[in-house]
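Asks: Annotation source TrEMBL lists signal peptide at 1-20. The transmembrane segment annotation in TrEMBL covers 59-79, 100-118, 138-160, 260-280, 300-317, 337-362, 382-402, 409-433, 453-475.
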Amino acid sequence: MGKLAVAAITSLWVIPMSMIVNHIVPDPYMDEIFHVPQAQQYCSGNFRSWDPMITTPPGLYYLSLAHVASLFPGMLLLMRITSQSFSEACTTSILRSTNAVFAVLCGVLVYEIIRFLGPSLSDRKATLMALVVSLYPLHWFFTFLYYTDVASLTAFLAMYLACLRKRYFLSALFGTLAILIRQTNVVWMLFVACSGVLDFTLDSPSRQKISRKRRKHDSSLDARDRFDRGKSASSTEDTSGLVYDVYAVISTSWNMKWKILVKFSPFIVVVVAFGIFILWNGGIVLGAKEAHVVSPHFAQIMYFSLVSALFTAPLHFSVDQLRNLLQELRQNWPLSLLLTLVALIAGFASVHFFSLAHPYLLADNRHYPFYLWRKIINAHCLVKYMLVPVYVYSWFSILTLLAKTRRKIWVLVYFLATCAVLVPTPLIEFRYYTIPFYIFMLHSCVRSNGCTTTWLLTGTIFVCVNVFTMAMFLFRPFKWSHEDGVQRFIW
């Protein structure tokens with residue numbers, strides 16, 4: 001067992017499924033009709049060519065060039081001799097195989113991160129967890145199409161792993177690659193940098209000195225100090241835990257400001273460069289700007305919480321988890337009641353004032369959100385309000401589970417980063433949930449060394465969803481009366 005086992009087992013489903021998809025759907029489909037021709041333009045050497053309908057940077061296309069060249073190392077010389085075009089090798093199936101390679105690499109990176117976060121986990125359990133996480137339906141499905149999602153996730157995981165290992169320059173390089181694949185990854189690079197700063201400051205000798213001083217005046221902080229050194233602590237503690245973390249970060253960061261600036265300067269350079277790009281481009285979106293206008297879509301974070309909780313239902317809707325949440329409410333009921341009321345009010349306000357129906361959502365019946373919107377959320381005027389308590393419970397469950405393995409200030413940064421990515425997005429796209437979902441899954445892996453039964457149940461849910469969605473995609477095509485060609489169901 002280990003990363004080689006993860007790579008081998010992942011390949012066992014990636015390779016045959018790629019062959020099946022390429023056989024049944026050989027031509028570009030959905031967004032592939034933009035990405036594939038653009039990549040082929042790059043294969044032909046037309047680097048100044050750009051499709052104005054493409055919204056993301058060209059990072060995936062450059063990676064595909066390297067991938068094709070690695071598959072056919074002698075092809076470049078041969079084509080020079082025969083005057084053939086390199087683009088002849090950039091077929092749809094070959095370009096799709098770029099993501100197949102990244103999917104295997106993703107599994108290995110997930111395993112390495114799990115082993116780093118949970119060094120006490122056995123290889124067998126870490127391998128099981130990595131394989132289950134790799135089966136996450138959104139990630140699994142788009143492994144077999146030429147989309148940016150899998151490459152984007154790979155770059156993020158590499159960036160996060162490098163930061164955890166305190167290799168900040170390498171982490172920033174992977175962050176740059178992640179942004180070149182999908183520009184919203186700048187938020188996740190900031191999250192990774194903040195996570196690195198938190199680890200760097202709260203584990204530093206200066207911070208330990210502050211902690212010792214504080215213990216002289218308040219012995220009740222012993223449990224908090226153990227938590228700051230990486231051990232689990234109950235999330236039922238009052239807000240003094242978060243306030244103390246903020247105080248420790250600010251005071252320690254000020255004392256170490258020059259050291260921090262030097263250590264994390266690569267991230268600063270990338271962020272400044274990205275800011276210059278936004279000023280030059282007139283916004284974060286490259287193409288089709290009229291269809292991707294930044295909007296206050298606060299309901300989006302509600303959808304994320306429920307979708308993530310449903311995918312990992314054994315973690316969130318178990319008797320044990322419900323008992324833990326109720327116990328926390330009882331132990332600190334004044335604060336818990338206040339937070340619950342605030343969350344419910346915010347949830348009702350989000351779905352009432354900031355629930356957007358993008359024209360693509362209302363018109364495109366190829367996507368599952370189209371049916372979820374019509375059949376559930378918009379089935380009755382009261383349904384969206386009835387779902388608010390479930391949204392709030394899902395968020396509380398996610399944040400509580402994270403707080404068992406990470407500091408509360410880290411959990412706050414995670415929540416803010418998720419909001420920063422999802423709230424401005426007007427279109428309901430479950431693909432956008434992948435990275436925040438992976439972050440939660442990676443850190444839930446180390447909670448109490450994980451429960452094998454829970455992970456097996458979660459893996460079963462993933463497999464069932466994958467079988468259903470892929471069967472619908474491949475074997476239930478349909479046609480539109482107003483447009484030629486075959487249409488297929490997709491996430």
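Cβ atoms here come from the backbone N, Cα and C positions, even for glycine.
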Asks: Taking a Cβ cut-off under 8 Å, which residues six or more beyond the ends of the transmembrane segment (453-475) line up next to it in the same chain?
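Replies: Hits for the transmembrane segment (453-475): 17, 20-21, 24-25, 128-129, 131-132, 135-137, 140-141, 311-315, 318, 368, 488-491.
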Asks: Excluding the flanking five residues on each side, which residues at least 6 beyond the ends of the transmembrane segment (337-362) place their CB within less than 8 Å of a CB in that stretch?
Replies: 291, 295-299, 301-302, 329, 369-370, 373, 377-378, 384-385, 387-389, 391-392, 395-396, 426-428
Asks: Six or more residues beyond either end and a Cβ under 8 Å away: which residues meet both conditions relative to the transmembrane segment (138-160)?
Replies: 14, 17-18, 21, 28-32, 35-36, 39, 56, 59-60, 63, 92, 95-96, 98-100, 102-103, 105-106, 109-110, 113, 171-172, 174-175, 177-178, 181-182, 185, 188-189, 192, 195, 430-431, 433-435, 437-439, 462, 466, 469-470, 473, 490-491
Asks: Using a Cβ-Cβ cut-off of under 8 Å, list the residues of the same chain that are 6+ residues beyond the ends of the transmembrane segment (260-280) and lie near it.
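Replies: Same-chain contacts beyond the ends: 168-169, 171-173, 175-176, 179, 183, 186, 189-190, 192-193, 196-197, 200-201, 253.
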Asks: Which residues of the same chain, at least 6 past either end of the signal peptide (1-20), have a Cβ under 8 Å from a Cβ in it?
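Replies: The answer is 93, 96-97, 100, 103-104, 107-108, 110-112, 123-124, 126-127, 130-131, 134, 143-144, 470, 474.
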